[in-house]
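Novice: The following feature annotations were taken from TrEMBL:
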COMPBIAS  361-374  compositional bias 'Basic and acidic residues'
REGION    352-385  region 'Disordered'
REGION    430-453  region 'Disordered'
REPEAT    16-57  repeat 'WD'
REPEAT    117-159  repeat 'WD'
Amino acid sequence: DEENRYRLPLSNEIVLKGHNKIVSALAVDPTGSRVLSGSYDYTVRMFDFQGMNSRLSSFRDFEPVEGHQVRNLSWSPTADRFLCVTGSAQAKIYDRDGLTLGEFVKGDMYIRDLKNTKGHITGLTWGEWHPKTKETILTSSEDGSLRIWDVNDFKSQKQVIKPKLARPGRVPVTTCTWDREGKCIAGGIGDGSIQIWNLKPGWGSRPDIHVEQAHSDDITGLKFSSDGKILLTRSFDDSLKQLFLTGTSVERESTIGGLLCFFDRSKLELVSRIGISPTCSVVQCAWHPRLNQIFATSGDKSQGGTHVLYDPTLSERGALVCVARAPRKKSVDDFELKPVIHNPHALPLFRDQPSRKRQREKILKDPLKSHKPELPMNGPGHGGRVGASKGSLLTQYLLKQGGMIKETWMDEDPREAILKHADAAEKNPKFTRAYAETQPDPVFAKSDSEDED
């Protein structure tokens with residue numbers, strides 16, 4: 001009965017997964033058709049309720065700035081562009097499909113006065129698009145300033161706001177927001193104060209409303225009510241100031257996980273409490289007015305997801321569209337062309353020329369190009385040649401092994417082999433008969449030595 005009285009859409013739930021670390025940023029466009037989620041894994045994922053089926057997979061993911069966590073995402077009022085704020089000093093603008101449109105300029109970190117820098121000089125903490133004007137955005141930074149920008153000019157800023165401090169120095173601005181009409185700005189300062197500026201002609205950095213020590217720790221969230229009369233704040237000091245929907249973190253040595261808590265704005269009483277994750281904290285939450293669906297991001301060091309709570313009887317479109325749409329079944333007629341991969345660096349035009357030394361060594365190893373005769377082989381041999389087998393041809397080797405050729409001349413003395421045919425040649429002079437008549441008599445030189453006589 002209590003839930004029916006407040007009509008909370010909490011009966012069903014889906015989870016938009018894909019991140020491998022905690023989801024730190026969430027943005028649902030005004031029409032409720034597209035959801036953006038940013039994470040500590042440095043990526044942004046884009047989900048489209050109209051294009052998703054029950055697998056709930058994102059249609060695009062990208063890394064805005066390498067090595068920087070995503071801290072906030074904000075749609076333009078016309079939902080044709082969105083703002084991405086990361087841990088870097090430069091915010092980026094993307095179109096509806098996730099293509100980069102521009103990046104705001106970074107300031108000179110060596111200029112002492114922040115009013116004279118062209119942009120933020122340290123990491124951003126928050127940023128939001130103007131709720132009514134599609135050309136204006138607001139950013140806050142760890143450098144201790146808030147800045148208003150024109151999205152058509154990425155190189156210059158419209159206004160620099162320096163919060164009022166008790167003592168000179170730089171205190172980070174942890175978060176910021178517009179009111180629902182875009183007529184005033186609220187900033188959460190690192191000293192625990194909340195400062196509000198009204199946008200009027202000739203306005204400057206002096207705040208119109210200054211709530212000192214509103215919280216005892218860093219302020220993590222600001223949100224104006226729809227009538228602009230109440231400002232909702234959230235802080236690390238475990239307190240809620242005029243809050244009606246918030247997420248809680250997992251405490252150490254606690255058995256309670258991340259919760260989504262609903263409060264009555266007038267009585268500040270806890271109306272409902274929903275467990276989102278048993279082990280992970282709830283970081284961002286949003287209640288979309290058109291869809292009547294609640295979004296809550298959670299995760300830890302190894303996973304991250306966006307929980308979408310809805311009620312089929314109370315909610316419209318959004319998660320209801322994609323949950324009912326089953327994935328398409330594969331047909332036998334499906335055909336997918338395998339992509340042809342071109343590697344330009346493998347072409348001869350881009351290939352490095354081989355060194356001449358390697359070329360010479362390659363030619364020396366080639367017997368045809370080097371004109372080098374084949375050396376005798378040692379060992380078993382290969383390629384039709386047999387090494388260490390008393391012959392270089394395979395045919396000779398096989399004949400010898402088979403006993404078809406018996407050769408003994410290799411083991412004989414050449415002189416004895418010739419002399420054993422001397423008697424037969426003398427008896428039957430076959431070749432020397434032709435020179436019998438013309439053979440000259442041998443004449444030997446006579447010695448003149450007396451010793452021989």
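Note: Cβ is positioned from N, Cα and C throughout, glycine not excepted.
Each of the listed features needs to be described in terms of its position in the shown structure.
Specialist: Residue counts for the repeat 'WD' (16-57) under DSSP (helix as H, G, I; strand as E, B; rest coil) come to 0 helix, 21 strand, 21 coil.
Within the model, the repeat 'WD' (117-159) carries an average pLDDT of 91.
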Novice: Which residues of the chain, 6 or more past the ends of the repeat 'WD' (117-159), have a CB below 8 A from one of its CBs?
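Specialist: Hits for the repeat 'WD' (117-159): 68, 71-72, 74-78, 80-83, 85-91, 93, 101-109, 111, 169-182, 185, 187, 190.
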Novice: In the repeat 'WD' (117-159), how many residues does DSSP put in helix, strand and coil?
Specialist: 0 helix, 20 strand, 23 coil
